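Trainee: According to TrEMBL, the protein has these features:
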SIGNAL    1-24  signal peptide
DISULFID  Cys29-Cys41  disulfide bond
DISULFID  Cys81-Cys130  disulfide bond
DOMAIN    81-103  domain 'Glycoside hydrolase family 19 catalytic'
ACT_SITE  Glu125  active site, proton donor
DISULFID  Cys143-Cys152  disulfide bond
Amino acid sequence: MRNILLTIALVGFLAAALPSRVAAQDCGCSSDECCSQWGYCGTGCRSGQCYAAPTTDTVSVPDIVTDDFFNGIIGQADDSCVGKSFYSRQAFLDALESYPLFGTTGSVDNSKREIAAFFAHVTHETGHFCYIEEIDGASNNYCDETVTQYPCNPDKGYYGRGPIQLSWNFNYGPAGESIGFDGLPSAADRKASPEIERR
């Protein structure tokens, strides 16, 4: 009788614990990855939480960021601004090809909010697309030497550049890895490559 009770208890425990573990194992990992009990995919099962693929909506970013929209922003910058010959709607649309989910996931309202937030930010940072570099940026030291993963080049400045005004060595390093430029040794060279600068 004791063995039967022990067997029933063990079956009950497994029946309660197993479904959550089995469900976690079915989190959509690719065939060369495993899925941890917590729902993470990766070769070590700690690479990140499993999420369903984002839903895309019917928003066309170029239909929202029209010539009138873009020119309404850049038109507020003084004609002598260096950014007026650097930033353009077409350059934005070209850079957009590297980010196919920008402004196209979630609801239509969410997409419009994402686009509006992006343009509010870059309009603020660049003075209506007037500036390519941070005002007096070269006079600031944006090197955090405690971040040894992204060591500073003493001959370069990690001040704000581009529409997002990327600053600090710990941002230049990962940004460079993400968009394809060697951000730490060539920080000042970003402005020499408009394609990289705009991304």
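Placement of Cβ uses the backbone N, Cα and C atoms for every residue, glycine included.
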Trainee: Pick out which of the disulfide-bonded residues Cys29, Cys81, Cys143, Cys152 has the most other Cβ atoms within 10 Å of its own Cβ.
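Mentor: When each Cβ's neighbours within 10 Å are tallied, Cys152 leads.
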Trainee: Can you tell me the CA-to-CA distance separating Cys130 (disulfide bond) and Cys143 (disulfide bond), as a whole number of Å?
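Mentor: Pair distance, Cα basis, whole Å: 25 Å.
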Trainee: Have a look around Cys130 (disulfide bond) and count the other CB atoms within 10 A of its CB, chains all included.
Mentor: 20
Trainee: In terms of DSSP three-state secondary structure, what is the assignment for Glu125 (active site, proton donor)?
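Mentor: In three-state terms, Glu125 (active site, proton donor) counts as helix.
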Trainee: In whole Å, how far does the CA atom of Cys152 (disulfide bond) lie from that of Cys29 (disulfide bond)?
Mentor: 37
Trainee: How big is the Cα-to-Cα gap, in Å, between the residue listed as 'active site, proton donor' and Cys29 (disulfide bond)?
Mentor: 39
Trainee: When a 10 Å sphere is centred on the Cβ of Glu125 (active site, proton donor), how many other Cβ atoms does it contain?
Mentor: 16
